[in-house]
């Protein structure tokens, strides 16, 4: 399983933010995307995840179903317990066992607590735990370490490392060093020069 | 799929899920009607099927905007869109969950409210039958409306404007079954037509709902 | 002269509209003036309905267009969903308010006619009720267009609504027929000659219908052109802002 980004151009609200993005991620490899706010990290990840169409270029993956995405919102229901939240996403992805994941993310003690009572960092850990139970190989992570303390960042770093060691891939938009041995791609040079997406309302001019 | 259904049912039943609001609303509408039209038994008996159908329809409308809006806010909708579940299935399950938590309870309490409006026993049976056959359509059509307006900030009012005209055939046939049943007329024809409308809605609308949901997620 | 779809290019379309709009508008006015004057002043009174029958020169054409405008929107929506021609989506958008107004005219003239004939302004007759429901569909469609910010998303959503609405409009029509048999007279125009209105009324009525159709075409062309120009302005502004 590998991921290849070819001449990708992404647009936010019809305005191109990035163009000519090229990179490939091999199994066991993680790539960290950096760049100033607004450069288009989130847009790029959402486009790769298939949540919005690219305006140019293509995304080559052997199987679209191999990707999973973790954005700013964690998809956690406050009224459900931690275990119920996690179990839901596990079952959606055809998995049944969540005990190992709860342990990895230090959530075992919180398992029966309603997710609404968790702190921001604990919620984030639960949101990231979802990645593990999807059983998917390509992780697309948008600022995964937001609101995590030092210990939790290390914890998450270990989980990512284990994922990579098992042949997984990760594309991470982040500013924080998670203690991973990764390739860093600065998105600043890919800033779109074209002011308007090709095809965007072009027929009207 | 079952996981999604169980989650939605749990969310509806737990605190803040809004389960029971629809029922309470239904009760209030039915209680208010005699205040508005007077307590004459004969009149109430005559308008009871229509009042109960309108009440059920409005109660159903009340909870529609929650179907997708909450999942969109907390990011679940994005995650469901990239999950292995087909979006058509997600939509169908959401509609089913809405029916189980809104439509079915309405059917269950309708006989009691029918008594309040002095609906005769025969009429109660046909009222229940008509609601059973008709409310699934209300949920499925409502889910389509909710999918159309999921991206909008103040979609609630627009949702009603879009959905209510689509409810017309269901309301006409449903109330007709209940009315004919109460007065001892032939109920077979309207019931078949009501079931036909429900079948058309259930068969076709999940595809339309999934399509508009994809458009809204872009 | 190439393919018909060449006119789906907004620029090309605008050019054509610039050229044909004066002619279409002129013809519409001419046909309406001729048809209405002929109908109102140079036809005999009906032996049963008296002079009230003359309202058909407004009522029948507007009712025809109320339905056909929705049909046109349905076709335009399908074209947009299948071929992604912007003009098609914008034409559907442009036609909606015109169709809604036609529905209102049909309902109002119907009420004015109904008062002396049936002794009531409004009856829950299947035809009247269907038109009221059609009007609600128009309202929903227009409201959805104006509520969605992104133009292409709005076009997509309203197109699906138009298709689903059409299915339910047909269901409603049958439901309403079933629900109440009406007072309304049969079709004024049909292939079956026996049912038709008499020839003296028939020819001016056809002229009026032609006038209304031309008026509808002129309005839709004009409004579509306006929509195209508004989109063009926004596209230019988007380039300006980011430049």
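Each residue, glycine too, has its Cβ placed from N, Cα and C.
Where the annotation comes from TrEMBL, it is an automatic prediction and has not been curated.
Residues or ranges marked as transmembrane segment in TrEMBL: B:12-35 (among others).
Residues or ranges marked as transmembrane segment in TrEMBL: B:47-64 (among others). Only residues 6 or more beyond the boundaries of the transmembrane segment (B:47-64), in the same chain, are considered here, and those with a CB under 8 A from a CB of the stretch are 18, 21-23, 25-26, 29-30, 33, 37, 98, 101-103, 106, 110, 113-114, 117-119, 123, 127, 130-131, 134-135, 138-139, 142-143, 145-146, 159-160, 163-164, 167, 171, 174-175, 178-179, 181-182.
According to TrEMBL, the feature transmembrane segment maps to B:96-119 (among others). Panel annotation: around the transmembrane segment (B:96-119), residues 4-5, 8-9, 12-13, 19-20, 22-23, 26-27, 30-31, 33-34, 41, 44-45, 47-49, 51-52, 55-56, 59-60, 63-64, 67, 127-128, 131-132, 135-136, 138-140, 142-143, 182 of the same chain, lying at least six beyond its termini, place a Cβ under 8 Å from a Cβ of the stretch.
According to TrEMBL, the feature transmembrane segment maps to B:125-150 (among others).
If you look up TrEMBL, you'll see B:157-178 (among others) marked as transmembrane segment.
Summarising the annotation, TrEMBL assigns transmembrane segment to B:190-213 (among others).
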Stretch contact, the transmembrane segment (B:190-213) with the transmembrane segment (B:125-150), Cβ-Cβ under 8 Å, 3+ pairs: yes
Distant-in-sequence neighbours of the transmembrane segment (B:12-35), which means Cβ under 8 A and at least six residues beyond its ends: 44, 47, 51-52, 54-56, 58-60, 62-63, 66, 97, 101-102, 105-106, 109, 113, 116-117
